[in-house]
Amino acid sequence: MKNEKRKTGIEPKVFFPPLIIVGILCWLTVRDLDAANVVINAVFSYVTNVWGWAFEWYMVVMLFGWFWLVFGPYAKKRLGNEPPEFSTASWIFMMFASCTSAAVLFWGSIEIYYYISTPPFGLEPNSTGAKELGLAYSLFHWGPLPWATYSFLSVAFAYFFFVRKMEVIRPSSTLVPLVGEKHAKGLFGTIVDNFYLVALIFAMGTSLGLATPLVTECMQWLFGIPHTLQLDAIIITCWIILNAICVACGLQKGVRIASDVRSYLSFLMLGWVFIVSGASFIMNYFTDSVGMLLMYLPRMLFYTDPIAKGGFPQGWTVFYWAWWVIYAIQMSIFLARISRGRTVRELCFGMVLGLTASTWILWTVLGSNTLLLIDKNIINIPNLIEQYGVARAIIETWAALPLSTATMWGFFILCFIATVTLVNACSYTLAMSTCREVRDGEEPPLLVRIGWSVLVGIIGIVLLALGGLKPIQTAIIAGGCPLFFVNIMVTLSFIKDAKQNWKD
């Protein structure tokens, strides 16, 4: 019995430091929002302007790593001795499901507006050239390049899971081949895990900060309930309580069903937008945008704008690369776990093709719809953002479609379910990472899960209180900096161990 309690207890060295650090930062922010915004702007400017190039080189190097895996000595190596756990169709569907979060719905609907109103390469705002590049840049930021970087890390984690038979719930577990067991399980490993957890907490709080206003704006549109910060806080509280009830009552099967419903509803809603918005235009715009992407790809890869200093690569490319970096470990662990029995080449190709198709469909359909609404003067996005905020502008891109009430109900349900599953996943991941020897498939303690969901909810509320996108972007970039190095160490550790232990 004591042994069982030990297994389900918290791990103090990785539980309390992130809790204290995040708690102090939240307190300092709430204490003086104006001063916090000044610091946020300074941090954002420093990291993106001084170190933005490093994120760009990181993505390029990881892309070369993907080619090495696909065509190198490990291409035909199998990740485990068992046959694949899931059929290829189910495997790809699970990948798609991982892409349909409310944060993705947020960016997919509004991102193109920012690209055409503040375009790269010195183009005139809202010009034909800016519109031609708008979707192309979305395809760049959410296309093969970032998924290729995830492929490398997914192979690394799958190798440690299924070839080396290691229990990996924190990144330090994978660093034994690189730094030795003493350091991996000592102070160095603890520091690495704490960096990972603090960054992950902020990333999840950021996702909640993006998702919540979509739900509350839907409520205003459907029920006439005014959207306020207090309503955001109430909705987040309800999600936390609902998550606690689901966990306490053993309703995790219900949460998994909700996740499946989210995926099917995503297909349905995207299909609806595709049909009624303008299928012919969407396909033509996508085709043209792929050509623009191929034409400008070298410039996009290395674009830092040091002369004109327009700020586009810092505000978007570096931000998104930090976004990908910060979620890399969590996402790669999930993708690795569903890829048991596949070869390295299968995993790399499957991820890049399957996940790129998922994100490209989302961004093409939603972005094209937004551009059409702008061109036809059906909605005035700058005015909506200035008066009501970004979330209202996104809601109006959906409300402008035919059968607006039915469309809004569908979008409301989709966002609500997506956020319920987000809160559940947040609490589960953080609880698993901060508890002692909770093994895969076991449930971490209820109070720990509730505690982490509360903290993530608080961060979401704090970011919403700060207002605007800059605090959200800064939280991602600041969190991405330490994980930049952690991801590299995990990659190097895999390469070193594979050379020694994964021979013919």
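A Cβ is built for glycine as well, from the same backbone N, Cα and C atoms used for every other residue.
Features of the protein shown, as given by Swiss-Prot:
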type: TRANSMEM; residues: 10-30; note: transmembrane segment
type: TRANSMEM; residues: 51-71; note: transmembrane segment
type: TRANSMEM; residues: 92-112; note: transmembrane segment
type: TRANSMEM; residues: 143-163; note: transmembrane segment
type: TRANSMEM; residues: 195-215; note: transmembrane segment
type: TRANSMEM; residues: 231-251; note: transmembrane segment
type: TRANSMEM; residues: 263-283; note: transmembrane segment
type: TRANSMEM; residues: 316-336; note: transmembrane segment
type: TRANSMEM; residues: 347-367; note: transmembrane segment
type: TRANSMEM; residues: 398-418; note: transmembrane segment
type: TRANSMEM; residues: 446-466; note: transmembrane segment
type: TRANSMEM; residues: 475-495; note: transmembrane segment
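Contact count against the transmembrane segment (347-367) (Cβ pairs under 8 Å) is highest for 263-283, out of 10-30, 263-283, 316-336, 475-495. Contact check: the transmembrane segment (316-336) against the transmembrane segment (231-251) gives fewer than three Cβ pairs closer than 8 Å, residues 6 or more apart, which falls short of the contact criterion. In summary, the transmembrane segment (195-215) lies against the transmembrane segment (92-112): three or more C-beta pairs, each 6 or more positions apart in sequence, are under 8 Å.
Here the transmembrane segment (263-283) has Cβ contacts under 8 Å with residues 93, 96-97, 100, 361-362, 364-366, 368-369, 372, 398, 401-402, 407, 410-411, 413-414, 417 of the same chain, all six or more residues outside its ends. Fewer than three CB pairs closer than 8 A are found between the transmembrane segment (143-163) and the transmembrane segment (398-418), and contact between the two stretches is not assigned (pairs 6 or more residues apart). Listed by sequence, the residues of this chain that lie at least six past the ends of the transmembrane segment (475-495) yet keep a Cβ under 8 A from its Cβ atoms are 43-44, 47-48, 51, 54-55, 58, 62, 65, 152-153, 155-157, 159-160, 171, 174-179, 192, 195-196, 198-200, 202-203, 205-206, 318-319, 321-323, 325-326, 328-329, 459, 463. Counting only same-chain residues 6+ beyond the ends of the transmembrane segment (446-466), those with a CB under 8 A from a CB of the stretch are 10, 15, 19, 22-23, 26, 29-30, 33, 36-37, 40, 201-202, 204-206, 208-209, 212-213, 229, 232-233, 236-237, 239-240, 243-244, 247-248, 423, 426-428, 430-431, 434-435, 472, 475. Beyond its flanks by at least six residues, the transmembrane segment (231-251) meets 208, 212-213, 215-216, 219, 225, 419-420, 423-424, 427, 443, 446, 449-450, 453-454, 457, 460-461, 464 of its own chain at Cβ-Cβ distances under 8 Å. Through the fold, the transmembrane segment (51-71) approaches residues 145-146, 148-149, 151-152, 155, 301-304, 313-314, 317-318, 321-322, 324-325, 344-345, 348-349, 352, 480-481, 484, 487-488, 491 of its own chain, all at least 6 residues removed from its boundaries and within a Cβ separation under 8 Å.
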